[in-house]
Amino acid sequence: MGDRCAPDTMENGPHMGVIGPAAVDPIEHSGIINRENGSGVTTRLYMRRWLIVFLFSSYSLVNAYQWIQYAIISNIIMKFYNVEAFAVDWLSMVYMLTYIPFIFPVTWLLDIKGLRVTALIANALNCAGTWIKVASAKPSLFWVTMLGQFMSSFAQVFILGMPSRLASVWFGANEVSTACSIGVFGNQLGIAIGFLVPPILVPNVDDMDELAHHISIMFYISAGVATAIFVLVVIVFQEKPEIPPSQAQAQARNMQPDEYSYTASIFSLLRNKPFMLLVISYGLNVGCFYAISTLLNRMIIEHYPGEEVNAGRIGLTIVIAGMAGSLICGVWLDKTKTYKQTTLAVYILSLIGMLVYAFTLNLGHLWVVFVTAGVLGFFMTGYLPLGFEYAVELTYPESEGTSSGLLNCSAQIFGIIFTIAQGKIMDKWGTLAGNIFLCIFLLIGTVLTGFIKSDLRRQKANQQVEVQTVSPAGSLSSVQDYGATSCGSPWQRQS
């Protein structure tokens with residue numbers, strides 16, 4: 001939006017109309033009518049928004065890293081703690097299980113208390129989880145490492161629903177899809193590092209004391225980084241800008257909290273058939289990704305024994321390709337607004353990528369696995385921000401935290417089911433059968449996506465605001481529409 005580098009202070013206060021020369025930050029202003037006094041509302045973008053989204057991405061990264069840090073070295077963790085593979089799988093699945101019962105109260109907290117309180121709780125829990133794990137680097141303390149992982153999984157509940165809310169509160173209407181993608185980007189980068197770093201830090205050695213030393217180093221590094229980010233969040237993270245970034249946020253701030261009912265919002269979303277189809281199809285796609293990530297070490301080791309480090313690199317390839325896909329899809333949506341077409345195309349390509357990966361995994365050539373895994377990751381993890389954005393289109397003006405929460409809840413449920421089922425199928429019939437199992441559900445998800453009615457409510461709101469926009473002089477003006485962000489607003493439920 002062409003920001004000039006300036007301190008993000010509130011010294012200038014809110015301005016109506018054109019800003020004087022004393023104001024350093026750029027202002028996007030339009031003359032939308034205030035329903036109570038008829039005055040115009042100015043919007044403004046602050047440079048601080050990039051710092052806020054970077055901080056969010058950073059602590060999301062640390063949390064996502066912990067999700068996969070055990071699974072990618074599952075054979076080593078099994079040996080160190082003397083537990084079964086299924087117990088190690090639960091170190092990943094606890095992230096999915098914890099999310100399900102806590103998402104609704106946490107979403108309510110996000111709607112009532114806002115971004116800063118939610119960010120502080122997330123980082124406190126995340127930091128506590130990492131330090132509990134530091135104390136678990138002994139073969140007899142598997143229950144302690146599970147406790148630490150539970151704390152980190154609880155922190156995740158406060159993180160996953162925030163990208164769309166943060167984007168709508170801090171970013172202009174033409175930036176929100178990109179901002180949401182950056183928020184998801186941090187989570188994906190954390191998973192990528194979780195695939196890459198643990199196999200390097202924790203080699204497969206037989207000496208238990210040496211292994212304990214390596215595991216302890218891994219835990220100390222994550223605890224140190226989580227603590228540093230927690231301190232930064234306490235000092236820097238801000239609830240919202242003084243002047244709203246878009247007309248939707250300006251309107252949202254003028255609405256009274258008693259106009260919003262969290263329970264009514266939930267029931268409204270559950271009655272929204274296109275959205276519920278998206279909830280199921282999103283859960284199927286992301287649940288497959290969770291299962292593949294959790295079981296990747298077992299898949300690779302079965303066909304390529306001793307290749308723990310390359311298993312991590314293949315996981316890294318999946319996620320790095322997905323990060324590129326996420327950013328490209330976010331920019332594409334900002335430019336084209338073709339939500340259903342893009343979502344359906346990416347879903348079909350995810351299915352094709354999964355089929356190719358399944359049938360080439362056992363060819364005996366690791367470079368082939370790297371290529372096919374990269375293609376699969378580009379589309380499957382690139383789908384993540386598409387689901388969030390399409391959901392906001394279908395549910396506007398409901399709270400984006402609530403719709404995101406339902407999407408993620410579906411993903412966690414299917415993630416647990418697919419991880420357990422694919423693990424059992426792999427134990428009995430091998431990796432090909434397990435991957436075909438996932439392909440079947442990706443096909444079902446593709447069909448369901450095709451049946452979603454593309455009721456783009458946010459786009460309709462954009463058009464209405466454009467018609468109602470009045471210039472400061474009182475005449476109708478054809479200004480750029482900032483009427484609705486692609487991530488919605490928590491106080492925009494209509495009575």
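Keep in mind that glycine also has a Cβ here, set from the backbone N, Cα and C atoms.
TrEMBL annotations: computationally assigned, not manually curated.
Segment annotation: TrEMBL labels transmembrane segment over residues 406-426 (candidates 175-195, 406-426). For the transmembrane segment (366-386), the partner stretch with the highest count of Cβ pairs under 8 angstroms, out of 313-332, 344-360, 406-426, is 313-332. With Cβ pairs under 8 Å as the measure, the transmembrane segment (50-70) is packed most heavily against 217-237, out of 90-110, 141-164, 217-237, 406-426. Simply put, out of 217-237, 275-293, 313-332, 432-452, 275-293 has the most Cβ pairs sitting under 8 Å from the transmembrane segment (90-110).
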